[in-house]
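Database features, via Swiss-Prot:
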{"type": "DISULFID", "residues": "C35-C63", "note": "disulfide bond"}
{"type": "DISULFID", "residues": "C42-C56", "note": "disulfide bond"}
{"type": "DISULFID", "residues": "C46-C64", "note": "disulfide bond"}
{"type": "SIGNAL", "residues": "1-19", "note": "signal peptide"}
Amino acid sequence: MKIQLFFFILLFWVTILPAKMKYPEYGSLDLRRECRMGNGRCKNQCHENEIRIAYCIRPGTHCCLQQ
């Protein structure tokens with residue numbers, strides 16, 4: 001079991017960490033912040049006078065923009 005943990009940590013250290021340093025723009029995208037920067041609000045349901053453009057954090061919440 002310890003050897004498996006060692007190989008898992010080694011695999012993580014060799015593959016994921018260098019990729020995160022090389023491509024930080026793909027690491028984590030805060031969709032909630034992006035929605036707020038576009039004058040939107042994260043809601044479960046958009047009203048009739050709002051446009052749904054994307055998901056916020058979960059697939060159940062939408063970024064709603066005023067028309």
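Just so it is clear, glycine is given a Cβ too, placed from its N, Cα and C backbone atoms.
Neighbour counts of Cβ atoms within 10 Å were compared across the disulfide-bonded residues C35, C42, C63; the minimum falls on C42. Cα-Cα distance from C35 (disulfide bond) to C64 (disulfide bond): 8 Å (rounded to the nearest whole number). The secondary structure of C46 (disulfide bond), as reduced to three states from DSSP, is coil rather than helix or strand.
Of all the Cβ atoms in the protein chains shown, 17 others lie within 10 Å of the Cβ of C46 (disulfide bond). A Cα-Cα distance of 6 Å separates C56 (disulfide bond) from C63 (disulfide bond). Residue density at C56 (disulfide bond): 22 other Cβ atoms are found within 10 A of its Cβ, drawing on all protein chains shown. The DSSP secondary structure for C56 (disulfide bond) is coil. Under DSSP, C35 (disulfide bond) is assigned to a helix (H, G or I) in the three-state scheme. Each residue contributes its Cα atom, and for C42 (disulfide bond) and C64 (disulfide bond) these two points are 6 Å apart. Comparing C46 (disulfide bond) with C63 (disulfide bond), their Cα atoms are 8 Å apart once rounded. Every protein chain considered, the tally of other Cβ atoms within 10 Å of the Cβ of C64 (disulfide bond) stands at 21.
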